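The block underneath contains the structure these notes are about, expressed in structure tokens.
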Amino acid sequence: MYASVLQRSGPTEPLHHQRVAVPLPGPDEVLIQVYAASLDRVDNYIRQGSHGMAVATPQTLGRDMAGVVTAVGANVRGFRAGDEVLALGSAAHAQYALAPYWHTLPKPPRWSFAEAAALPTAGRTAFDAIANITGLRSGERVLVVAASGAVGSFALQLGVHLGAEVYATAGQDWKRQTACSLGARAALNHYSADLVDEIRAAAGGAEMDVIIDPIGGELWERLLSVLAPGGRIVTCGVTAGARGSLHLGRLMTKGWHIHGIGRPGREEIAAHLRGCLDLMVAADQRPIVDRTFPLAEATAAHRYLEESNFFGRVVLTGAEESSPAP
Ligand SMILES: NC(=O)c1ccc[n+]([C@@H]2O[C@H](COP(=O)([O-])OP(=O)(O)OC[C@H]3O[C@@H](n4cnc5c(N)ncnc54)[C@H](OP(=O)(O)O)[C@@H]3O)[C@@H](O)[C@H]2O)c1
């Protein structure tokens, strides 16, 4: 089969579209013919060797996939060859990849494979932040930072479905318009020096009950200025930087709840995947796929991700290429 292989990490290093052996499923694994695999920001960090994400090479990147089961291990329950699935596995930027059966789910019939591949990492993170950690309730105000990103777009869709009053931030006009078309009350520019005043004005002077922040950096402290007393904020990414400062006096008097997304275990991840999928289907929402690239053009897909001119997920498609059944 073909895979997109990282031979060496570095800011300008390409991916290599090359032949590798089809993996064999272990007892708890399903082997999936990958029709679509999303490109995650973490894949990009690994390729670049940034954000402390250096890995041993050569390595095939990618965790999120959707496709058709072609073989299952002896312990696998609930799946058999021919099933259409989405999964959180490993080495997904390939024509075949493995996933543990507990992180594999049936693909909703009405979703494309690209839409299904968009869900696992970003969807489960957004679900954990918005539905689990903060327990967002109908009628509450939530600020979704970087709503054009993969996590942000899921958080926006889930927040709207849960009946919250959703405010979004995004760095470009067209992204802010898209956020509003998806149900945000207002969308503000997170690069604006006046962001805090603009959020307050958009919310009629009200503060946010919940903030979902995948960006971090210096923005974090400014976000706290619009967090209501007793409000909840979740850091689920540090794209813009890992350091932010906190006025402990304000924390004391405001009674904020400050959360990190943490590192959930196997059972929790399975529950978050299922929870996100069920909410999206109940809401008749689909994951947002900005653009697909053929697997062979993974390097171009990475460049596209780096330019940040997208909304939702960037997805690689690959199984259509000649790939002998294992
Ligand atoms: N811990 C976990 O389990 C977990 C899971 C998933 C993701 N994450 C993390 O969450 C973060 C977001 O992931 P994602 O997949 O949603 O990212 P993404 O799809 O790549 O979206 C990132 C968006 O953030 C905006 N942005 C704002 N400030 C930025 C900056 N300084 N540099 C680059 N982009 C900036 C950009 O849009 P604008 O044009 O609007 O600025 C960009 O398109 C990543 O750091 C990722 O590693 C963590």
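Including glycine, each Cβ sits where the backbone N, Cα and C put it.
What TrEMBL says about a protein is an automatic prediction, not a curated fact.
Which of 1-20, 41-60 counts as region 'Disordered' depends on TrEMBL, and there it is 1-20. Same-chain residues lying 6+ beyond the ends of the region 'Disordered' (1-20) with a Cβ under 8 Å from its Cβ atoms: 46-50, 54-55, 57-62, 91, 93-96, 295-296, 298-299, 302, 316, 318, 321, 323-324, 326. Within the compositional bias 'Polar residues' (1-10), the DSSP-based counts of helix, strand and coil residues read 0 helix, 5 strand, 5 coil.
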